[in-house]
Amino acid sequence: MAEEPKPISPLKNLLAGGFGGVCLVFVGHPLDTVKVRLQTQPPSLPGQPPMYSGTIDCFRKTLFREGITGLYRGMAAPIIGVTPMFAVCFFGFGLGKRLQQKSPEDELTYPQLFTAGMLSGVFTTGIMTPGERIKCLLQIQASSGKNKYSGTLDCAKKLYQEFGIRGFYKGTALTLMRDVPASGMYFMTYEWLKNLFTPQGKSVHDLSVPRVLVAGGFRGIFNWVVAIPPDVLKSRFQTAPPGKYPNGFRDVLRELIREEGVTSLYKGFNAVMIRAFPANAACFLGFEIPMKILNWIAPNL
């Protein structure tokens, strides 16, 4: 007898998504630090080598100069923001799916899943942008040799003192440009892979842990293929001195292409791809397990 479809619960998505986000940050932050440092390093002078020659070089130099804590620099900001951010992300996805269903039995098409995923990206931008701004500033300050901020709270306090609440939301448009299409790809790919990995006659809810890990990991890779160019622009814009880019992302884009070519839009690609699989596998395992527990404890919630 087929299992009766359950109505999508945005509340369960909220709770399980928060835990999944914590798992993602803890596993993925070291290579996120490497990614941001590669994306924001200045062009090298003629005849001089760049500060970092690549992902492994940046990882090695950070570990040697700052220890393991250097790789986790700025993690407090995303940890503080990640529970509500991923909770809202999965809530937005659940809501997006529910809005397109006439009944719980309706199966959504992949374009509909993409649309629901894009809604989740809109939902998360308000939480994501301040955390990304603080995280990026803390991640690059050690490599630049200027320790302006002693930590997350100090950075938040000084940003507010200097720029007011708007200082936290520098880069909002670029965060939207990154997260809306990337979130659509993020969730659509995951649902497609789950369906692909589900044996005939079985439910996607019965997927084994290894298959959940593989589906979550590859979803992260597809997500970042879409997200890297706007992420490079966002990192550069959010860490730039005030007034450097008066026309926003257009100035950043022109400068990058003029000075470093189109390939500069994929700075940090190796770090992102190495990070994407384990971090997102951990995220979706961290989401699926609490969701199963919640469905067992409160099936009608």
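Note: Cβ is positioned from N, Cα and C throughout, glycine not excepted.
A quick note: this is a predicted structure, and the numbers were derived from the prediction, not measured.
The N-acetylalanine feature in Swiss-Prot is assigned to ALA2.
The secondary structure of LYS148 (N6-acetyllysine), as reduced to three states from DSSP, is coil rather than helix or strand. The Cβ of LYS148 (N6-acetyllysine) has LEU137, GLN141, LYS158 as same-chain neighbours under 8 Å, each 6 or more residues away in sequence. What Swiss-Prot records for LYS148 (among others) is N6-acetyllysine.
Residues or ranges marked as N6-acetyllysine by Swiss-Prot on the basis of similarity to another entry: LYS157 (among others). Around LYS157 (N6-acetyllysine), taking its Cβ as the centre, 13 other Cβ atoms fall within 10 Å, counting all chains.
The N6-acetyllysine annotation in Swiss-Prot covers LYS170 (among others). Secondary structure at LYS170 (N6-acetyllysine), taken from DSSP and collapsed to helix, strand or coil, is coil.
The Cβ of LYS170 (N6-acetyllysine) has 23 other Cβ atoms within 10 Å, all protein chains considered. Here Swiss-Prot flags LYS170 as N6-succinyllysine.
The repeat 'Solcar 1' feature in Swiss-Prot is assigned to 8-99. Summed and averaged per residue, pLDDT over the repeat 'Solcar 1' (8-99) gives 85.
According to Swiss-Prot, the feature repeat 'Solcar 2' maps to 108-196.
Here Swiss-Prot flags 207-293 as repeat 'Solcar 3'.
If you look up Swiss-Prot, you'll see 2-12 (among others) marked as topological domain 'Cytoplasmic', on the strength of sequence analysis.
Taken from Swiss-Prot, the feature topological domain 'Mitochondrial matrix' covers 32-73 (among others), and the record attributes it to sequence analysis.
Annotation comment: Swiss-Prot describes 94-112 (among others) as topological domain 'Cytoplasmic', evidence class sequence analysis.
Remote same-chain partners of the topological domain 'Mitochondrial matrix' (132-170), defined as residues 6 or more beyond its termini with a Cβ less than 8 Å from a stretch Cβ, comprise 32-33, 36-37, 40-41, 51, 62, 65-66, 70, 73-78, 80, 234-235, 237-239, 242. According to Swiss-Prot, the feature topological domain 'Mitochondrial matrix' maps to 132-170 (among others).
Under the heading topological domain 'Cytoplasmic', Swiss-Prot lists 191-211 (among others), citing sequence analysis as support.
Taken from Swiss-Prot, the feature topological domain 'Mitochondrial matrix' applies to 231-267 (among others). Counting residues per DSSP class in helix, strand and coil order gives 25 helix, 0 strand, 12 coil for the topological domain 'Mitochondrial matrix' (231-267).
Residues of the same chain lying 6 or more positions beyond the ends of the topological domain 'Cytoplasmic' (288-301) and with a Cβ under 8 Å from any Cβ of it are 6, 9, 11-13, 15-16, 19-20, 205, 207, 212. Residues or ranges marked as topological domain 'Cytoplasmic' by Swiss-Prot on the basis of sequence analysis: 288-301 (among others).
Residues or ranges marked as transmembrane segment by Swiss-Prot: 13-31 (among others).
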Seminar exercise, completed: Here the Cα-Cα span from LYS157 (N6-acetyllysine) to LYS170 (N6-acetyllysine), rounded to a whole number of angstrom, reaches 15
Seminar exercise, completed: Relative to the transmembrane segment (171-190), the stretch among 13-31, 74-93, 113-131, 212-230 with the most Cβ pairs under 8 Å is 113-131
For this session: Quickly jot the same-chain residues contacting the topological domain 'Mitochondrial matrix' (231-267) by Cβ under 8 Å, restricted to those at least six beyond its ends, or write none.
Result: 36, 38-40, 43, 132-133, 136-137, 140, 163, 170-171, 173-175, 177-178, 224
For this session: For LYS157 (N6-acetyllysine), name the DSSP secondary structure in the helix/strand/coil scheme.
Result: helix
Problem set entry | Tertiary contacts of the transmembrane segment (13-31), as residues 6+ beyond its ends and Cβ separation under 8 Å | 55, 59, 71-72, 74-75, 78-79, 82-91, 93-94, 271-272, 274-276, 278-280, 282-288, 290-291, 294
